[in-house]
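A.B. asks: Under the heading active site, proton acceptor, TrEMBL lists A:Glu424. Positions annotated as FAD binding site by TrEMBL: A:Thr138, A:Gly177. Marked as domain 'Acyl-coenzyme A oxidase N-terminal' by TrEMBL: A:17-132. What TrEMBL records for A:134-247 is domain 'Acyl-CoA oxidase/dehydrogenase middle'. The domain 'Acyl-CoA oxidase C-alpha1' feature in TrEMBL is assigned to A:278-439. Sequence annotations record features per position, and here TrEMBL assigns domain 'Acyl-CoA oxidase C-terminal' to A:480-655.
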Number of protein chains: 2
Amino acid sequence: MEGVDHLAHERSKAQFDVDEMKIVWAGSRHSFEVSDRISRLVASDPVFRKDNRTMLARKDLFKNTLRKAAHAWKRIIDLRLTEEEAKTLRFFVDEPAYTDLHWGMFLPAIQGQGTDEQQEKWLPLAYKMQIIGCYAQTELGHGSNVQGLETTATFDPQKDEFIINSPTLTSSKWWPGGLGKISTHAVVYARLITDGQDHGVHGFIVQLRSLDDHLPLPGITVGDIGMKFGSGAYNSMDNGVLRFDNVRIPRDQMLMRVSQVTREGKYMQSNVPRQLVYGTMVFVRKTIVSDASCALSRAVCIATRYSAVRRQFGSQKGGVETQVIDYKTQQSRLFPLLASAYAFRFVGEWLSWLYTDVTQRLQAKDFATLPEAHACTAGLKSLTTSATADAIEECRKLCGGHGYLSSSGLPELFAVYVPACTYEGDNIVLLLQVARFLVKTVSQLVSGKKPVGTTAYLGRVELLMQSRPNVQKAEDWLQPSVIVEVFEARATRMSVACAKNVSKFPSLEEGFAELSADLVEAAVAHCQLIVVSKFIEKLQQVIPGKGVKEQLLNLCYIYALFLLHKHLGDFVSTGCITPKQASLANDQLRSLYSQVRPNAVALVDAFNYTDHYLSSVLGRYDGNVYQNLYDEAWKDPLNESVVPDGYHEYVRPLLTQQLRNARL
Amino acid sequence: MEGVDHLAHERSKAQFDVDEMKIVWAGSRHSFEVSDRISRLVASDPVFRKDNRTMLARKDLFKNTLRKAAHAWKRIIDLRLTEEEAKTLRFFVDEPAYTDLHWGMFLPAIQGQGTDEQQEKWLPLAYKMQIIGCYAQTELGHGSNVQGLETTATFDPQKDEFIINSPTLTSSKWWPGGLGKISTHAVVYARLITDGQDHGVHGFIVQLRSLDDHLPLPGITVGDIGMKFGSGAYNSMDNGVLRFDNVRIPRDQMLMRVSQVTREGKYMQSNVPRQLVYGTMVFVRKTIVSDASCALSRAVCIATRYSAVRRQFGSQKGGVETQVIDYKTQQSRLFPLLASAYAFRFVGEWLSWLYTDVTQRLQAKDFATLPEAHACTAGLKSLTTSATADAIEECRKLCGGHGYLSSSGLPELFAVYVPACTYEGDNIVLLLQVARFLVKTVSQLVSGKKPVGTTAYLGRVELLMQSRPNVQKAEDWLQPSVIVEVFEARATRMSVACAKNVSKFPSLEEGFAELSADLVEAAVAHCQLIVVSKFIEKLQQVIPGKGVKEQLLNLCYIYALFLLHKHLGDFVSTGCITPKQASLANDQLRSLYSQVRPNAVALVDAFNYTDHYLSSVLGRYDGNVYQNLYDEAWKDPLNESVVPDGYHEYVRPLLTQQLRNARL
Ligand SMILES: Cc1cc2nc3c(=O)[nH]c(=O)nc-3n(C[C@H](O)[C@H](O)[C@H](O)COP(=O)(O)OP(=O)(O)OC[C@H]3O[C@@H](n4cnc5c(N)ncnc54)[C@H](O)[C@@H]3O)c2cc1C
Ligand SMILES: Cc1cc2nc3c(=O)[nH]c(=O)nc-3n(C[C@H](O)[C@H](O)[C@H](O)COP(=O)(O)OP(=O)(O)OC[C@H]3O[C@@H](n4cnc5c(N)ncnc54)[C@H](O)[C@@H]3O)c2cc1C
């Protein structure tokens, strides 16, 4: 059976040019070429094998990750990879590792918050990995509320040094990735204190371990915080705990781009605008959104292929059974997730544009659009990560019993993905920020302040409070303008209702607190509108390739109408659509599912994932699921012996006992 | 800090008698006493420790489980525990083990499907654990579709034996718990073939391993199917793979209560009604529903206590911060789950009554209510397990970053729980069965057939198609009759709409297939109505204890109004309630949350869980979270050495390298 493509029939049914779709998915021909080449490079290298991950005990798992990280670095150097290629390689190695934080947080923190001299000193060391850094912000007692951090950095003008200290148990740094066992340095966030005065939280570069023998420096207690969700999964990362017992660092290791402490101990603001932090935030969140589309598409790829392989019920007179992908329930659970994968991909692409825009505006000292950009990225981070986490688990369920096996790849994908809902801002806390921004925007409308960017639609509030879509038959839903208007109307009405209700409370703060659950829902409505709009905007571009645009259009409608159905209460109770129109949308959705059905396998092939990256027996490209499930099973350590360890001590005595005093 | 109750203040706020609530939760004073005594017994026994589970490699984990199972058995015998106590003990040992299937599936299968002689022969052996059995139904190729199983049992009249065979790869038995390494016997489901004729799937008792040396008998290939979701979790179970190469068993090992094969090879039905299987099904599902309430309440207990300990934001002028349980978003996510735990508990209790009822009717050969009872239990199994799986993950998210640590207990609880959505009937497949039953019931209304049991309300279809609740202000929602009517109206209208739409298709089957996603939603509406009604019925009983009933009433309203909000689209688009009434329900919900808030910790204390059972640092009874998180961390194997294994090979070379040809 080796070499047979069990999904060939499915592939032959596709009504579009898969190779062109691969380019669309990748973002450009260049991106496709890089990711295709590097993913194969990783897949063909035995050091990067992943299939035994879940069977390794923690120490072995961790050591194996160190090995991969070193090998990855060696490949990057030996092959003289570009920065883009190096990043792509780390991505396809696909294992949380200390290097993620070194490249993803430590370096950007210094770039964003360090002065030019600091950058000149530290960046080359970090770029060459002569030091390894992490990002130590969260403490045992404070995560979301960064302003509540307790670690102190007290300036000692006598020695021109800061004294970093952990005054309480809850001030222990807790969670930073790469901290536990590997990092030699950290950007540590601590309350800056000069002359008895607390200036709030600032960043400091602190060396943690000796570069000679890797032992923690005096005054530093550091270790790993222990096992996390899943086997394998995030346990290859050494999230760490860190305590400081009055550790001294030179003054010039405070990150001083925005504010400074002088030799005399004077605290000062530089002329660099504080808003700079927004740039970094948009950057990090854009990465998180595009990671969401990767994780989601990966789960969808597995579930789609397996749903085409799996047959259950429906055989007529001993004939072959129905592929489960042909059941409408399976389609109505799976295809909206397929559509979401594409939707998140495109909104991620748009965020790259937004990042460029924000950067340029910052350079031009134009801060006007920053709050909107900030709210927008916060909301999109929250929306896409929550949806992706749920979707991975739904994909697992879509695979029935076999989805519960580690070899399906889905349990580990879930376990490694879910913290994205929590880190870089707890998703609910982020949505509350979005909601506040929306309420503020709405209340400023009367004073004539014009909403910008993704909130521009609120400028048409009067129209949108009244609008009714012209939908009389199912096909009427297949109009981008109708879809956008309905989503705008819903988001507007929910924001306006919130603003109105909040204002009824004695104070705004009370109103926000009391109505926060409603506010979160309004924020979600706004964010979903953004995703829908950006998908539609994408389709207004020229997209070459036979049938490619048609497929994307179908997916776009599925995404929108699925949301409409899921949040029907919002749409109907705000009067944006009638129950009759809702039911027409549902009819249209079913017909869209039928149109996607023959293209489903090809639509996931377009992600161009190697079997190595998927690491799922159920998601194999060739669909040869059963033989491989069977073969995988025998690799479990439990199968090393026929009679299991423990049988003689703990099972045999039961089987051979004579029961005397049992009541049973 | 040892011995200090960090949650004492919370407990002092409770407005009801917690001890009386414990009795209500347990179901009776007797049940409370048993579960309280046995749970402490387990908690105090060092053999039953669970805290190192997630750090063990598979073989060690498995061996440890064997040890616990043997120890549990020894305690059961030594202490001469009753059957109820023994079951309770196994429950609190709280680790999937081969004994679950032995007691929970192997024995019941023989009881339900074996003749009297077969029971006399096999049950005593099984009761004394002189044989250990499992339930081998599912195959690599077939789970949901039991009728599609491929294993054959061909009668050989010459030798008076059945030949059990696995003709294809996909016919390999796959998944049975306890099969992989331990079971000596199995009830194997196979196609019965006599004289070339296929009589469909029947059960057979097959010995798998020698009772002398535990080696598989000739012709039998058996092993473990490998790692499953999570670390620890379900990996203590040896779910197995099994192949038969023409294995012979005596004729009297076919389970012959319902149908038989005679010495001559004649296939015959006995006079025992086939419907008997329904009894077992109701029994198994009642257990699953009550397990759901346990798993859910456990997660809710952890999240509630931690939400009362955790403080984040909102400090005024350096004062103490807000407990996150005081945020309305946290309440609106957590309290409905608390309410669901109670709701599922009571519906589980009611299922015990239903089981007795069904058993009595079966004895009296009254089969009239069986289809309804069957649909009802299928639906409740699906509803409660899906809701519980989602709720556990939501509770984990409610704990922020720390919920992601294994020591929070939540990751493992999720990983071990989720397969309940798949085994004993895939939840979607079950809902489709419920929906078919509903549509049938609706279409038979015209012919005057009176719906029974949980579908009785459909008899008032005309009224319910018209009814409008009399709700003009928020408090109007606080009437059981209003709640029930609204839920009945919604369920009725959705079922009727489905029946109507299905009938528009050329054939019923086509209609069912095409509209299956809508059908599933109608089934959910029906099942939610059952849970709401049974909660309300429970509250019509006398419930002693200061404030107990008041608290339960609040939870009941929360459960109902939360569902109403979640499925608002259903309610509003079918015209069951107006948007205005929906908004009043929302207002009422907020005020109910405020009423539950001071009682929240006491309401989870009422579950009476030991810290051993919870196995969660975040859920500790004393709320001493931070010190224990900190102490737990250091136990990780990675912390055994300061410099990690692998540093010298894989990290030091990076730090000390001279880069020459890098492009970076
Ligand atoms: C895998 C992983 C990796 C991480 N890596 C790093 C790292 O490298 N460096 C680092 O510094 N940190 C890291 N973190 C920490 C992470 O940033 C924090 O966990 C995150 O910010 C959430 O904060 P918290 O844990 O304090 O949650 P909490 O704020 O305690 O959340 C608990 C609950 O309270 C709710 N809540 C909190 N505040 C409010 C409010 N104002 N209104 C309403 N509800 C509220 C939340 O919604 C949540 O339900 C990591 C975490 C994880 C899980
Ligand atoms: C932890 C665990 C323990 C188990 N223990 C045992 C055991 O002890 N003994 C034993 O015999 N088995 C056991 N099983 C197997 C279990 O009973 C099956 O996995 C279960 O019945 C689901 O069947 P499946 O895996 O074939 O799912 P499938 O039927 O393949 O489901 C795949 C997808 O197809 C969909 N689907 C299937 N049919 C239809 C349809 N007609 N219409 C619409 N959609 C459909 C499902 O909804 C699902 O989304 C266990 C499984 C697990 C995970």
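Even glycines carry a Cβ here, placed using N, Cα and C.
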A.B. asks: For A:Thr138 (FAD binding site) and A:Glu424 (active site, proton acceptor), what Cα-Cα distance in Å is obtained after rounding to a whole number?
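C.D. replies: Each residue's Cα considered, A:Thr138 (FAD binding site) and A:Glu424 (active site, proton acceptor) end up 10 Å apart.
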A.B. asks: How many whole Å apart are the CA atoms of A:Gly177 (FAD binding site) and the residue listed as 'active site, proton acceptor'?
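C.D. replies: Their Cα atoms are separated by 13 Å.
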A.B. asks: For the recorded positions A:Thr138, A:Gly177, A:Glu424, which ones lie near chain B, with a CB less than 8 A from one of its CB atoms?
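C.D. replies: Near chain B, the qualifying recorded positions are A:Thr138.
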A.B. asks: Starting from the Cβ of the residue listed as 'active site, proton acceptor', draw a 10 Å sphere and report how many other Cβ atoms land inside it.
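C.D. replies: Here the count is 19.
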A.B. asks: When you measure from the Cβ of A:Thr138 (FAD binding site), how many other Cβ atoms are you left with inside 10 Å?
C.D. replies: 20
A.B. asks: Go through the recorded positions A:Thr138, A:Gly177, A:Glu424 and pull out the ones with a Cβ less than 6 angstroms from some atom of ligand 2.
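C.D. replies: Close enough to ligand 2 is none of the recorded positions.
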A.B. asks: Applying a 10 Å Cβ distance cut-off over all chains shown, what neighbour count does A:Gly177 (FAD binding site) have?
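C.D. replies: Result for A:Gly177 (FAD binding site): 26 other Cβ atoms within 10 Å.
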A.B. asks: How would DSSP class A:Thr138 (FAD binding site) in three states?
C.D. replies: coil
A.B. asks: For the domain 'Acyl-coenzyme A oxidase N-terminal' (A:17-132), how many residues does DSSP put in helix, in strand and in coil?
C.D. replies: 90 helix, 0 strand, 26 coil
